[in-house]
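*Asks:* Please see the structure below; I have some questions.
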């Protein structure tokens with residue numbers, strides 16, 4: 001059974017969901033710089049806008065498994081892409097805090113549902129010897145989406161209402177994916193679950209480019225029978241050490257979130273602006289470096305994980321994260337800025353001052369006429385306030401110009417000092433992102449897909465995914481508030497402690513699964529002695545694998 005062009009094409013189209021997910025998760029980093037100024041958002045309102053997407057994602061993770069099993073993986077991806085298009089369209093015409101939240105919730109539901117459905121769909125259409133490569137394609141698309149989001153942030157940073165263009169860019173891609181998925185085949189495994197064996201056979205023959213897929217169809221039917229031996233409650237029982245495995249999985253997801261990486265995606269531009277990258281353009285451009293580093297770091301990690309091992313990458317990643325976070329904390333501790341600015345950002349008048357030509361000569365009447373086509377009744381008071389802000393802008397523009405000449409000289413020396421510190425802060429941030437991208441980022445989900453038996457793997461992944469989104473929601477909802485209270489440097493020190501704790505946890509509890517089949521991993525973890533002496537499991541595993549290796553190599557050659 002080979003991996004034909006049609007199989008790769010189907011996987012690539014489905015993996016577009018990963019690109020959309022990475023883009024939507026990171027887009028808010030730069031868009032928030034404009035929205036908080038234009039809409040005069042408070043600290044808490046900014047956190048709610050960021051976290052509303054995570055609320056939708058949490059809801060979808062709790063119900064997505066049922067929808068995928070009931071209606072199919074392909075249809076779930078089509079629904080998710082359509083919902084993303086609708087949610088994005090909802091954000092474009094209006095400048096309303098409430099509409100932003102509703103649209104972001106819809107987008108959150110979309111990316112969460114598509115992330116679950118895409119991984120399952122690709123895994124079920126891929127041949128066994130290419131499953132790892134094709135499934136990892138989704139992870140690669142996520143980091144590419146993150147990079148595109150940061151590039152979009154920079155491209156539209158100085159454009160009036162550029163955040164609308166940022167949200168609108170994904171609409172054509174989401175629509176194309178929804179249409180393309182309609183013409184792709186459903187998962188053969190889903191067809192077997194629905195007792196449609198003949199259709200499943202035809203799909204397999206098309207995917208494998210063969211005239212006889214009886215053997216693989218028989219294996220699918222056999223594996224589905226085995227999955228009925230587990231129930232959801234078995235995850236919390238001692239049967240086959242399922243409770244211990246579940247605790248390991250949940251703790252690993254906990255460290256993925258509490259080491260601080262998700263906040264870098266959401267608040268990268270905000271954080272960089274607070275450490276010396278003063279303009280929206282500079283902060284967004286620096287954030288683009290974060291996206292580049294994530295892509296560059298993820299590719300070799302995916303390429304060499306089978307040779308190096310996921311546990312080794314996890315240890316290296318956590319160690320380097322701790323070092324870079326300490327450096328970042330010390331640097332930020334010596335940058336004497338008003339950290340309340342990280343929350344409130346620049347006021348509307350400063351935002352307009354950066355682009356003096358954009359609103360010059362705009363009267364209250366023409367300003368209202370310009371946006372009359374997209375106005376709602378509840379925006380009347382907002383427009384009135386906006387007009388007042390513009391009037392203040394003209395006055396502040398005159399005073400700022402005269403005052404700027406007298407204060408330029410006094411700031412020269414402090415700015416020279418800040419140059420070294422802000423670039424050192426950016427460098428440590430990029431190292432931190434790279435360490436996460438080779439460690440906790442991709443490897444934690446690889447470990448989670450390996451430590452649970454096939455019969456309950458889907459439900460276990462759904463539970464860990466729900467906890468992942470839940471903790472992400474809590475952390476993102478409080479990041480700006482906590483940073484304003486204790487300062488960015490102490491936030492970095494807290495993340496350092498969590499990184500060291502994750503390193504200790506990985507060393508003690510995470511098995512090295514390099515060279516093991518899923519069946520071998522499950523058999524070893526089911527033994528009681530693994531719970532009692534997890535550190536000894538690696539050497540025991542290697543001894544058991546020695547006689548298996550020659551046969552394994554011979555099978556691969558065949």
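Including glycine, each Cβ sits where the backbone N, Cα and C put it.
Feature annotation from TrEMBL assigns domain 'Major facilitator superfamily (MFS) profile' to 10-514. According to TrEMBL, the feature transmembrane segment maps to 7-28, 48-68, 75-94, 100-123, 135-157, 163-184, 247-270, 282-305, 312-331, 423-448, 460-482, 488-510.
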*Asks:* Is it true that the transmembrane segment (163-184) and the transmembrane segment (488-510) have 3 or more CB pairs under 8 Å, sequence gap of 6 or more?
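*Replies:* No, the transmembrane segment (163-184) does not contact the transmembrane segment (488-510).
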*Asks:* Assess whether the transmembrane segment (100-123) lies in contact with the transmembrane segment (75-94), where contact requires at least three Cβ pairs under 8 Å among residues 6 or more apart in sequence.
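*Replies:* Contact criterion met.
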*Asks:* What residues elsewhere in the chain lie close to the transmembrane segment (488-510), defined as a C-beta under 8 angstroms and at least 6 residues from its ends?
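*Replies:* Here the qualifying positions are 248, 251-252, 255, 258-260, 271, 274-275, 310-311, 314-315, 318-319, 321-322, 325-326, 328-330, 332-333, 339, 342, 440, 447, 479, 482, 534-535.
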*Asks:* May I ask you to check whether the transmembrane segment (48-68) and the transmembrane segment (312-331) make contact, with contact taken as at least three Cβ pairs under 8 Å and only pairs 6 or more apart in sequence counted?
*Replies:* no
*Asks:* Determine which residues of the chain contact the transmembrane segment (75-94) at the Cβ level, with the cut-off under 8 Å and only residues 6 or more beyond its ends counted.
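*Replies:* Distal contacts: 14, 17, 20, 24, 64, 67-68, 100, 102-107, 109-111, 113-114, 116-118, 121, 164, 167-168, 170-171, 174-175, 177-178, 181-182, 186, 374, 376, 379.
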*Asks:* So if I exclude everything within five residues of the ends of the transmembrane segment (282-305), which remaining residues of that chain have a CB under 8 angstroms from its CBs? That is, six or more out.
*Replies:* 26, 29-30, 33, 136, 139-140, 143-144, 146-151, 153-154, 157, 264, 268-270, 272-273, 313, 426, 429-430, 433-435, 437-439, 441-443, 446
